[in-house]
Amino acid sequence: MVQVNRICCIGAGYVGGPTCSVIAQMCPDVTVTVVDVNEERIRAWNSDNLPIFEPGLQEVVESCRGVNLFFSTDINTAIMDADLVFISVNTPTKTFGIGKGRAADLKYIEACARRIADVASGCKIVVEKSTVPVRAAESIRRIFNANTKSSLNFQVLSNPEFLAEGTAIADLKNPDRVLIGGDETPEGQRAIEALRGIYERWVPKSKIITTNTWSSELSKLAANAFLAQRISSINSISALCEVTGADVEEVAHAIGTDQRIGSRFLKASVGFGGSCFQKDVLNLVYLCEALNLPEVARYWQQVIEINDYQRRRFSSRIIGCLFNTVTDKKIALLGFAFKKNTGDTRESSSIYISRYLMDEGARLHIYDPKVKKEQIIQDLSQPTLAHGDDPSRVSRLVTVSTDPYAACEDAHAIVICTEWDMFKELDYERIYKAMLKPAFIFDGRRILDDLHEQLQHIGFQVETIGKRVSQRSAFATTNDIAKADQLPPPKKTKL
């Protein structure tokens, strides 16, 4: 078996940083170097203020940084010294050209492959860790074959990550499975065994699955598509519950006790976010269209459309309850990350809900315990979300607060978009006294279910996902709120 003594990871983001930090901790005899072209990010990894927030990550990094874990911008040296190279760079959805809005942009993957081919020598195992479309490994292999020197031998593996942000360290230390795909040739199998040997230091053999490369790549897309599908499914039922008087939490519990279905990912909310679900489902849609499977493509496209519908529906409900206008009204938006226990805002539903409310002229006061002000402003100023010819709209309508009570003061409504535990512990009597009346709470994450009676006793009008709580006002009939097309889909600005 090939012995792996040195590992290089290209890409110090949400995948590469935590993954290689745990590998370094679990394999103290292996030298792990994480490299990136972003000097600021590398400086952060070498500081006490890591560039990403993840429970337990700080402790893992501090336990082995400077011992067998290193962060550097010297990419060429790290590649040359390594026995195994992880490619963990971003694969965003294309914003122009063929496949715009659906296909994955592999320019960073290609750049990594060309750089490895240019500077490497000897035998190298190259592992695609980034989420990539099926047969991306073949593209990497073709670049290697076209540029390989006589002294160089490559094996390309697929080793997709299945981390959930907020529990990434726990997921890495105790994974449901580790998936490794590679060639079925003797050389390919030896490369698989070498990578398996790294994971076997702490992962039981029964949890390490080996497949061919293509099955590994498709498994990643399929896994995220299935999870997204479950969220969209329960969100579609939540709309029905609000109209009929059923409670989506009770429905989810009832169907989740069926062992054939299970209870995971049946939490109704304002919609899924994050870097993977939407990107991977759209990638799957594009793949199906490219392979002339239009019926399959339309099936998975509906998962995205339900997610968009849920965001519009929730925003429409806020506007309807506030007497059909939020113009110049202060609204406190609590939570901007796409989920709790992370500072990641990519594809967060908060961005879309903010956009809808800003389109109606609302003044947003946003609070999140882990998302920096600069990130919030950047997300709301993206070209695809910008408002016409008024680039100053965000600065006029958005205030980022450092205190949840300040965000809620003199507000007409509170909108909970992220399920941070701290929002359950707030002093809502204090908040109610400081708000304009009637005071509304829109719980987009169902985290205040146990407080509904108390909140109503205080005086709040409570609205939540998938359940009727407060009596509707004359301005917000059930029929009106069900019409989510009151708000058009986000206008896309051509890039």
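All positions are counted from 1 along the displayed chain.
Glycine is treated like the rest: Cβ placed from N, Cα and C.
Around Cys276 (active site, nucleophile), the C-beta neighbours below 8 angstroms that are at least 6 residues distant in the chain are Thr131, Asn224. Annotation source TrEMBL lists active site, nucleophile at Cys276.
Taken from TrEMBL, the feature NAD(+) binding site covers 11-16, Asp36, Arg41, 89-93, 130-131, Glu165, 276-279, Arg346.
Annotation for Glu165 (NAD(+) binding site): spatial neighbours Tyr14, Glu54, Gly274, Phe338, Lys339, Asn341, Thr342, Asp344, criterion Cβ-Cβ under 8 Å with sequence separation of six or more. The substrate binding site annotation in TrEMBL covers 161-165, 220-224, Arg260, 267-273, 338-339, Arg445.
Sequence annotations record features per position, and here TrEMBL assigns domain 'UDP-glucose/GDP-mannose dehydrogenase C-terminal' to 332-450.
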Inset, instruction - With a 10 Å radius around each C-beta, find which of these binding-site residues (Ala164, Leu221, Ala268) has the fewest other C-beta atoms nearby. - result: Ala164
Legend entry - Cα-nearest neighbour of Gln278 (NAD(+) binding site) within the listed binding-site residues, Glu161, Ala268, Gly271: Gly271
Inset, instruction - State the mean pLDDT for the domain 'UDP-glucose/GDP-mannose dehydrogenase C-terminal' (332-450). - result: 93
Inset, instruction - Do me a favour and check the Cα-Cα span between Asn90 (NAD(+) binding site) and Glu161 (substrate binding site); whole Å is fine. - result: 13
Inset, instruction - State the Cα to Cα distance, in Å, between Glu161 (substrate binding site) and Thr93 (NAD(+) binding site), rounded to an integer. - result: 18
Inset, instruction - List only the single closest residue to Ala268 (substrate binding site), chosen from the binding-site residues Gly11, Asp36, Thr93 by CA-CA distance. - result: Thr93
